[in-house]
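> After the structure tokens below, expect a handful of questions from me.
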Amino acid sequence: MTTTPNTPLPNSLQKPLERFYEFLRSEKGLSLHTQRNYKQQLETMAHHLAEMGLKDWSQVDAGWVRQLAGKGMREGMKASSLATRLSSLRSFFDFLILRGEMLANPAKGVSAPRKKRPLPKNLDVDEVNQLLEVNEDDPLAVRDRAMMELMYGAGLRLAELVSVDVRDVQLRSGELRVIGKGDKERKVPFSGMATEWVGKWLRVRGDLAAPGEPALFVSKLGTRISHRSVQKRMAEWGQKQSVASHISPHKLRHSFATHMLESSNNLRAVQELLGHENISTTQIYTHLDFQHLAQAYDQAHPRARKRNDDKSD
């Protein structure tokens, strides 16, 4: 029998759903929007269940749930929507277990595939140099140049850059104390150009910073600069310096990681510099464009030069 959303479900499937909806309303206190989402997803799955000839929720096993997830993927369902579907199903089965109507939750071990987030395109070295050719005496321009030099020179996250205090910077040794994710502290070196421009900024910082303000980088109001202000200023400098790519703080960090890996090929060192807990996170930065790979191959492979030299007549 083929069912549609307008086809009445058998009581053995519909009644447990109605009890669950009442449970969501009276005991869980979920918003109407969430309740509607759960109902929509569960009704859809109940009709799939009926189409497959199953007459009771207790007949559902992990294989059926995986089949349902696969069907959603093949139909182009978004990862977030599939995650909502599986979440509602897990909650429903937990409810049936509490009522003694099921022994185990068949959806517990099934998860939606994670949506791969595309990494931003990194800047090439020429673009970075073009961006960092800011050479103005205005205190805000000096601050912005120092921020960009430090972010690219030390591979900082935006939150890390904003949270840096004056006391965290050791100009003589070129060392920076950083508080990263999970409040984990690390010390990182930074570039000579970052040292130069942070030093210039410190000489004019007192003209802007409010008394007692510990932040290294401050706004026009004299307080710690905000994440949004950093993003806005970097984007503006990208346009002003005629850099083709849109400039963002993460793109500078990404460029730092890519350029360091291209130059050193030391994944473990870059992991430490970036503050990644797992090296698998750092490995996403190892993508190199084909041109770079081809150049590296031609320079390193013993047969490559001969191949290039042996041109056919």
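Each residue, glycine too, has its Cβ placed from N, Cα and C.
Keep in mind that this is a model prediction, so the values were computed, not measured.
I grabbed these lines from Swiss-Prot:
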ACT_SITE  ARG157  active site
ACT_SITE  LYS181  active site
ACT_SITE  HIS250  active site
ACT_SITE  ARG253  active site
ACT_SITE  HIS276  active site
ACT_SITE  TYR285  active site, O-(3'-phospho-DNA)-tyrosine intermediate
DOMAIN    11-97  domain 'Core-binding (CB)'
DOMAIN    118-298  domain 'Tyr recombinase'
> Among the active-site residues HIS250, HIS276, whose Cβ has the fewest other Cβ atoms within 10 Å?
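Result for the active-site residues HIS250, HIS276: minimum number of other Cβ atoms within 10 Å at HIS250.
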> Taking ARG253 (active site) as the reference, which of ARG157, LYS181, HIS276 (the active-site residues) have a CA within 10 A of its CA?
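Near ARG253 (active site), where near means Cα within 10 Å, the active-site residues are ARG157.
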> Just give me the nearest neighbour of HIS276 (active site) among the active-site residues ARG157, LYS181, HIS250, Cα to Cα.
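Comparing Cα positions, the candidate nearest HIS276 (active site) turns out to be LYS181.
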> How does the model score the domain 'Tyr recombinase' (118-298) in terms of mean pLDDT?
85
> Cβ-Cβ under 8 Å from ARG157 (active site), same chain, 6 or more residues apart: which ones?
GLY180, LYS181, PRO249, HIS250, ARG253, GLY275
> Of the residues in the domain 'Core-binding (CB)' (11-97), how many are helix, strand and coil by DSSP?
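Going through the domain 'Core-binding (CB)' (11-97) residue by residue, I get 73 helix, 0 strand, 14 coil.
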> Between LYS181, ARG253, which of the active-site residues has its C-beta surrounded by the fewest other C-beta atoms within 10 Å?
LYS181
